[in-house]
Amino acid sequence: MARRYFGTDGIRGKVGEGPITPEFVLRLGYAAGKVLAGADRWAKTGTRPTVLIGKDTRVSGYMLEAALEAGFSAAGVDVMLAGPMPTPGIAYLTRALRLAAGVVISASHNPYYDNGIKFFSADGNKLPDEVEAQIEEQLDQPLACAASEQLGKARRLDDAAGRYIEFCKSTFPAAFDLRGLKLVVDCAHGAAYDVAPHVFHELGADVIPIGVAPNGFNINDGVGATAPDALVRAVRANHADLGIALDGDADRLQVVDAAGRLYNGDELLYILVKDRIATEGKVEGAVGTLMTNMAVEVALQEAGVKFVRAAVGDRYVLEQLREHGWQLGAEGSGHILSLDRHSTGDGIVSALLVLAAMKRSDKTLAELLGGVTLFPQKLINVRMKPDADWKGSDVIRRAIAKAEDALNGRGRVLIRASGTEPVLRVMVEAENVADAVQYAESIASAVKQATA
């Protein structure tokens, strides 16, 4: 059965429009609470489950947090409130505190007027599809408030930030520190605005923080992992050794070196795999996505590392890692998974892995990349109606076929719908920039014509 509300990364939309309304989010909290309370772990022991709620810095977070809290309480579930906290921080704390679930109020890299709800299970992983389906089924049931003596209670988790900071630091090798390193950290005016600078500072770095003045409306606005030009400028202006940009909920990152050169998730995956080979002797395989640059796939295979492409979305990368029993995977957007460090993508932890690789090898990022040159890619996002039948369009099919014939196996065409917004992503990879741009634009034009 198709899911009505849950996408690839929870439930997301524009605030005030379905489903991101206070009324729906209250019902969502209630439905999730009923599903959790009915789980064997709690039903058999007769104990009350507790969930942890965190959020990013959007102004709507206050409203949605209150609605979720009310819904959980009505279902007889206790609530702990972490306040602004990176998504991976909620995943870690949920697992560390042995809670029933974690909930994050965030729309990640989207503008402030969007928001979303995502859930983590007790082990710090995203909810299984079957649990999301149970929550959607429960949403169809009437809300029946628990008796007064069974209502859930809410309290603040005052030391949430400190706990998460210590966890992040624990993933960095004890033999190393960051003394002597001038580091720009861009927190996107988002959830990591407080914790991220502390992590790197406490490890010894000279930290220059930017994007650390959230006002409820400026999250991801010209800063962060989706707008890395701000980081490039700051690195150059401050003559920094390295720059790290997180997104609004700090589950992804981009890295900039002293020369102002940007490294994406594909390149960082290659660097981390090579570092793991140097320290452990062998890496059996790694996971990318349909969007991963062909140059990285070829380079990994030449290093004796199997490479598997998952569907786009970190949950699908995670599924492939588990299926193969591997540790390292990434998306070009900067979601990096290292399952021996964390159960989910974590921008801060991933940055520490990159820094550890540099420390171990005493090499720059450019040296660690070892001459791997990415194939030119052109990505065009085409907005369309949510119900547009782009797959059945002959116009789009002909444009794709023409491009693939011209590339003749020396490139790739990838068309996919976004899982979080009404956008069709057109990506063409070719041996040269001109071909990538030409064929991406011709396909995008066909998409606009077919979905107008």
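The backbone N, Cα and C atoms fix where each Cβ goes, glycine too.
Predicted, not measured: the structure shown is a model, and the values here were computed from it.
Here Swiss-Prot flags S108 as active site, phosphoserine intermediate. Here Swiss-Prot flags S108, D247, D249, D251 as Mg(2+) binding site. Annotation comment: Swiss-Prot describes S108 as phosphoserine.
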In the chain carrying the residue listed as 'active site, phosphoserine intermediate', residues 6 or more apart in sequence that have Cβ under 8 angstroms from it: D9, T87, G116, D247, G248, D249, D251, R252, T420
Local Cβ density at D247 (Mg(2+) binding site) - other Cβ atoms counted within 10 Å: 33
S108, D247, D249, D251 excluded, remaining Cβ within 8 Å of their centroid (Mg(2+)): D56, P86, T87, S106, H109, G190, A191, A225, L246, G248, A250, R252, G347
Assigned conformation of D251 (Mg(2+) binding site) - DSSP reduced to three states: coil
